[in-house]
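Taking it in order: structure first as structure tokens, then the write-up.
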Amino acid sequence: MAEASPAAANAELLEWPKKDKRRFLHAVYRVGDLDRTIKFYTECFGMKLLRKRDVPEEKYSNAFLGFGPEQSHFVVELTYNYGVTSYDIGTGFGHFAIATEDVYKLVENIRAKGGNVTREPGPLKGGTTHIAFVKDPDGYIFELIQRGPTPEPLCQVMLRVGDLGRSIKFYEKALGMKLLRTVDKPEYKYTLAMLGYAEEDQTTVLELTYNYGVTEYTKGNAYAQVAISTDDVYKSAEVVNLVTQELGGKITRQPGSIPGLNTKITSFVDPDGWKT
């Protein structure tokens, strides 16, 4: 029997992410005082501390927090490196977002606990959605969005990119995400795209923002990566490898097991250098 042509094999490979059972697992970033951040997220945002561990031989501690168990919810993984009290967030990372049924009440609570409110709650200009912005103790920005009950309150990771069309194509092809919507705001000189594995009110989405004329951003050393689940890390890496040849980016860790653990992972960066 004749073998499939390379083009046919590649086309079949590119179908794989659409069939794979994927969801956003966690976002990893660094903080200067782990207990201070845990206190802020639990008291101000209402997150739960899910687990915490100290790894003295590697001089770091980390903590997982979210609105539900890791098995079903998107969570944050905070890393504290011994002796490092501050990080550079850079110009590329935008914000995380939390959905709440009452943004006014949430902001009132955050302010009462000493939180830094950078945009008062109110409707979006020309829209009906009510939002606010706050900063956590390390300077990470959180958008608070008022919406009905949702299974996933930790609902967005916003990153800035230099070529929106290229990034949309990358996340669709390499990661099997769906483009949910795009918004162009010429009066503010930006365009954004929402991508994910289900509708925005049901899940966590990636919000990619392109500011007119800006093709590069600084990454800093604070925000690290997002993690996404896959049924087959080897096949997923094959797809990513194929897509990076067309659109840029590269695999930074070949697929395989983490030493001492049963977990298999692969890591890569997208065309802008954002890590997954």
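Backbone N, Cα and C atoms are what each Cβ position is placed from, and that goes for glycine too.
Nobody curates TrEMBL annotations by hand; they come from automatic prediction.
Annotated features in TrEMBL:
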{"type": "ACT_SITE", "residues": "Glu143", "note": "active site, proton donor/acceptor"}
{"type": "BINDING", "residues": "Glu77, His95, Glu143", "note": "Zn(2+) binding site"}
{"type": "DOMAIN", "residues": "23-147", "note": "domain 'VOC'"}
{"type": "DOMAIN", "residues": "153-276", "note": "domain 'VOC'"}
Within the predicted model, mean pLDDT of the domain 'VOC' (23-147): 97
All-chain count of other Cβ atoms within 10 Å of His95 (Zn(2+) binding site): 18
Glu143 (active site, proton donor/acceptor) and His95 (Zn(2+) binding site), Cα-Cα, nearest whole angstrom: 7
Secondary structure composition of the domain 'VOC' (23-147) [DSSP: H/G/I, E/B, coil]: 25 helix, 57 strand, 43 coil
Length of the line joining the Cα atoms of the residue listed as 'active site, proton donor/acceptor' and Glu77 (Zn(2+) binding site), in Å: 18
Tally of residues which DSSP labels helix, strand or coil - the domain 'VOC' (153-276): 27 helix, 50 strand, 47 coil
For Glu77 (Zn(2+) binding site), the number of other Cβ atoms found within 10 Å of its own Cβ: 21
